[in-house]
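Asks: Mind having a look at this structure? Questions to follow.
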Amino acid sequence: MPDIIQIYTDGACKGNPGPGGYGVVLIANGNKRELSGGFRKTTNNRMELLACIEGIRSLKHPCAVVLTSDSKYVVNAMVKGWAKKWRSRGWMLSPSKAAKNPDLWTQLLDCCDEHKVEFKWVKGHNEHPENERCDALAVAASQGKNLPADLAFENPDAALPEGDLFSL
């Protein structure tokens, strides 16, 4: 039986909104892989979500995953079932308040359906090696030149083709 895949994630944003990035560290069977990316104008929470999505999407086949994040926004929504509840209500938190980032929550929930994912929270900036590495990757990605647009954030009312939420 293969080992559990460990995924560590972090998002960063200079200004909120502002240039942002995500960082991912995957560890499986003693091997480590890093992923990162950035966008010219986005939010920290969008980058936290995208880090999780990209980490899970990078898996080649269904597997057991422990995903560790310093984002209570992400971890609580997944562990406590809030994200599924929001989706069942048409992305509404309450009858008068819409959930933010439904495009990314949809992708995260769909990705998680393909795997057995356990979400864990870790305190950020607390000398956790993988979390610190993810933070460094996210910050570096947010500082890249010619960053692409996060189209769903920059123009949320535009009708985007499925799978074209980011200008890559």
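Placement of Cβ uses the backbone N, Cα and C atoms for every residue, glycine included.
Automatic prediction, not curation, is the source of TrEMBL annotations.
Annotation comment: TrEMBL describes 1-143 as domain 'RNase H type-1'. The feature Mg(2+) 2 binding site is assigned by TrEMBL to ASP10, ASP135. The Mg(2+) 1 binding site annotation in TrEMBL covers ASP10, GLU48, ASP70.
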Asks: Roughly how many Å lie between the Cα atoms of ASP70 (Mg(2+) 1 binding site) and ASP135 (Mg(2+) 2 binding site), rounded to a whole value?
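Replies: It is 10 Å, counting Cα to Cα.
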Asks: Beyond the listed site residues ASP10, GLU48, ASP70, identify every same-chain residue whose Cβ lies within 8 Å of the center of their Cβ atoms for the Mg(2+) 1 site.
Replies: THR9, GLY11, ALA12, MET47, ALA51, SER69, SER71, VAL74, GLY124, ASN131, CYS134, ASP135, ALA138
Asks: What Cα-Cα separation, expressed in whole Å, is found between ASP10 (Mg(2+) 2 binding site) and GLU48 (Mg(2+) 1 binding site)?
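Replies: About 5 Å separates the two Cα atoms.
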Asks: Rounded to the nearest angstrom, how far is the Cα of GLU48 (Mg(2+) 1 binding site) from the Cα of ASP135 (Mg(2+) 2 binding site)?
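Replies: So the alpha carbons of ASP135 (Mg(2+) 2 binding site) and GLU48 (Mg(2+) 1 binding site) sit roughly 10 Å from each other.
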Asks: Output the one of ASP10, GLU48, ASP70, ASP135 that, of all these binding-site residues, has the highest number of other Cβ atoms within 10 Å of its Cβ.
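Replies: By the 10 Å Cβ neighbour count, ASP10 comes out on top.
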Asks: Looking only at the domain 'RNase H type-1' (1-143), how are its residues distributed among DSSP helix, strand and coil?
Replies: 55 helix, 49 strand, 39 coil
Asks: Please average pLDDT over the domain 'RNase H type-1' (1-143) for the predicted structure.
Replies: 96
